[in-house]
Amino acid sequence: METVESSSSAELLRAQTHFSTQLFSFQNYASLKCALHLGIPDAIKQHGKPMNLSELTSALPINPSKAPYIHRLMRMLVKAGYFAQENECFDLTPIGLLLLKDDPINIRALVLLELHPALLMPWIALSEWFQNDDATPFVTAHGKSFWDYTSRDPEFRKLFDEAMAGDSELISKVLVTEFKYVFEGLKSLVDVGGGNGTLARSIAKAFPNLKCTVFDLPEAVANEQGDGNLDFVAGDMFDRVPSADAILLKIILHDWSDENCVKILKNCKKSIPGKDKGGKVIIIEGVVELEKNAGNEYAGLENLDMEMMVLYNSKERTKKEWAKLFSDAGFSDYKFIPALDSWCIIELSP
C-alpha cells in the first residue's frame, strides 16, 4: 500500500483537487437553490431573450444593496451548467430549462426537496445513526419517521408531491409513447401511490377507454378531482388495493423494506385477475445491474440507494433481489423491460 510520503507531487495534487471538487460541490446546489428562490430561471424565460446583468438584477426580488453580488452567483451557476453566458448576457441551457416553474416537465420541486433542511439534517446525523439503534438517520435527526414527518407538515407534503409529479411528467411521456403496448388491452388500472394523478392523467388521456384510478393516502388525494375515465380513491396500500385488470407501482417499492414490499405485492395480487385473464402488476423501478451495463456517467442508483437508507431504511435492488420479492409475494412470472438508463418496467403475472 502506498503512503503519502511515497506518492509523487503530481499524484498528491490530483488527490487534493479531487477532494476539493467533492467538498465544494455542495456550493453548486446551494447556489442553485438560491437561484430558484430568487426566480432567476423564470425571469430569463419571461424576458424572452438573454438578459444582461443589469436587466437580470432589476428583475429579481433582492435588496438593492445585494445587487453587486449577483454576478458572482451567476458565475458559479454558469460554471455548473445551469446557465450560459455570451457577450455579457445570460441565458438558459437545456439543463436550465428543467428549472422553469410553469413547465409541465421540470425538476424544480425535486431540487428544492433534496435541498430542504428536513432532508439535509439526516445526512449530518449519519455517523450518529451508525452508533445508535434508530431505524433511520431521518429518525435520528427528527425523532420520527419520514412518513410521520410528511403527514404532519402540510407544506413539506406539498413540496414532496410536487417533486414526485415533476418526475412523473417525464416518465409518463416515455410510457405513453415508447411503451404504449404495456397498457393495450386493459380495461382498468389502479395507480397505487399516484399522488396528484400526474402519471394516471397521461395514461387516461392516451387510453380513453381505460378506467384509471389513483389510489393514495387521504391527505394525498383530498383535493384532487376525477374527470372522465380518471378518479381518485383514498386508502392504504397496506390494508387493501382496489381491484383492476392491472396495478401500477411507479417508484413506490424502493421506499420500503423487503417485508413491506411483500405485503404491498400480496395486496396487489389479490386485486387483479389471473394470468389467463390478463391480470398483471406493472412496476417502474431502478435495477442496479442495468446502470452498471449502461456505464452512466451521472450520479445514479448508488446515490439513490444511500438516500433510501437514510430516509426509509430501504434500498435499490438487483434483479436477484427483485426476483426474491416477487417469489415471496406469490408471483410466478415476471419480465424486465429496460426503459430509461437504470430504470425498468417490470411486468408481474400471478
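Residue positions begin at 1 at the first shown residue.
For all residues, glycine too, the Cβ spot is worked out from N, Cα and C.
Following the DSSP three-state reduction, the secondary structure of ASP236 (S-adenosyl-L-methionine binding site) is coil. Around ASP236 (S-adenosyl-L-methionine binding site), the same-chain residues at least 6 positions away in sequence with a Cβ under 8 Å from its Cβ are LEU217. The feature S-adenosyl-L-methionine binding site is assigned by Swiss-Prot to GLY193, ASP216, ASP236, MET237, LYS250, with sequence analysis given as support.
Other Cβ atoms within 10 Å of the Cβ of HIS254 (active site, proton acceptor), summed over all protein chains shown, number 18. HIS254 (active site, proton acceptor) falls within a helical segment according to DSSP. Per Swiss-Prot, active site, proton acceptor is recorded for HIS254, and the stated evidence type is sequence analysis.
Classification of ASP216 (S-adenosyl-L-methionine binding site) by DSSP places it within a strand.
Shown are the binding-site residues GLY193, ASP216, LYS250; of these, the residue with the fewest other Cβ atoms within 10 Å is GLY193.
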